[in-house]
Amino acid sequence: MPCDRKTSPDQHHALQIHRHHHRRKIRARVDAMQSWSAPSVPALPGRGPQLRLFDSADRQIRPVSPGATATMYVCGITPYDATHLGHAATYLTFDLVNRVWRDSGHDVHYVQNITDVDDPLFERAARDGIGWRELGDRETDLFREDMAALRVVPPRDYVAATEAIAEVIEVVEKLLASGAAYVVDDAQYPDVYFHAGATVQFGYESGYDRETMLALFAERGGDPDRPGKSDPLDALLWRAERPEEPSWPSPFGPGRPGWHVECAAIAMTRIGNVLDIQGGGSDLIFPHHEFSSAHAECVSGERRFARHYVHAGMIGWDGHKMSKSRGNLVLVSQLRRDGVDPGAIRLGLFAGHYRQDRYWSPAVLDEAQQRLHRWRSATALDGAPDATDVVARVRRYLADDLDTPKALAAIDGWAEDTLSYGGHDRTAGPTVSAAVDALLGVAL
């Protein structure tokens, strides 16, 4: 097992005294969060090729080789300001993964969480004069509506952090028992932290040096200056109860989960110790995915939590990354209210490669709407050129690290030929329409 630190006898005894009482109280919670309605996905003849993806940890494109059931965990939203196009780009990326896997013959066990207990949520709720649960429920409902409108295949398990408290506590108990975690010497707020050096492989997922880690840790929710920590990089596992904050009972005192351990616990409980893919936006590479992986590896003894770490690029608007803190958000719900076809939103985001940081603009949307119109016009004709080659190319391009620009260009070429010259194959239009629906999630 990578974690070789041990708790003191006193720490172990204290945990044993409280463990069973608190677990009985908390385990009454069950997964109740519902996802969204699933779109109808056509089954295409034959099977698509094996998926290859860029792995952030290995820094190269390599085959994803799941068993009969492919497994994927994608970090979900913190439910406020949902759903902006940065969110949409991430979840559409992994919707493509889901669709390509299914097209190649795999069942897919996809898990997504909702971080419905976190500081930014509390801050926004306080600013708006609304309860944090009410805000979280409202924004989660909006997110689900947006995902359904965008025809995203829903996860099999859609789990709120507040539904997984018992699972988090169990993971924290194991980390404390192994010595990979510790309680800070603070009588008022005895928070529980994870030793960043608890696994020998820590840092493999991001590949960042310590200086970069410290800078990103401070920028992305970490607390390097917290007194009492063994190392500035040590990550919060359990935040001791504070005034005006929600809390749950635990063997180590009332409090609430840290961010990273929520995902580790939810993924391990529903999928297992090793995932085929852990995914999210590129801003999650560090610290979130580095630490959630380290937590899981320390508990399981596995060398690597995910066989592939896959990250989508950021979406910008008006010269800056789209973010809640900056306030430069383009919301899916607003585009929908403006009458924009969700298929055009998908095509606009697919016009760039998923790993690239890219900008959304009126020109991007206009091009996507024109493309959608051309494709619909072409597939509606009674006769068209044979579609066998274009469908094979789309399958091949998407299986090659989700190369949507090439896939879109292939369909553009077929549509242009169809509109310019026509054809005699009356099945070609429906064939292309089914392929675009099944693989790209766009209804023609």
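Each Cβ is built from the backbone N, Cα and C atoms, and glycine gets one as well.
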*Further Zn(2+) ligand in Swiss-Prot, beside C75, H288, within candidate set C263, C298*: C263
*Helix, strand, coil: count each for the residues of the motif ''HIGH' region' (77-87), based on DSSP.*
3 helix, 1 strand, 7 coil
*asked:* Can you tell me how many other Cβ atoms are located within 10 Å of the Cβ belonging to I315 (L-cysteinyl-5'-AMP binding site)?
replied: 26
*Look at each of the binding-site residues, C75, I77, I114, C263, and point out the one with the fewest other Cβ atoms around it within 10 Å.*
I77
*Report, in whole Å, the straight Cα-to-Cα distance of C263 (Zn(2+) binding site) from I77 (L-cysteinyl-5'-AMP binding site).*
12
*Sorted by position, what residues of the same chain at least six away from H288 (Zn(2+) binding site) have a C-beta under 8 A from it?*
C75, R220, W259, H260, C263, G280
*Return one of helix, strand or coil for W259 (L-cysteinyl-5'-AMP binding site), based on DSSP.*
helix
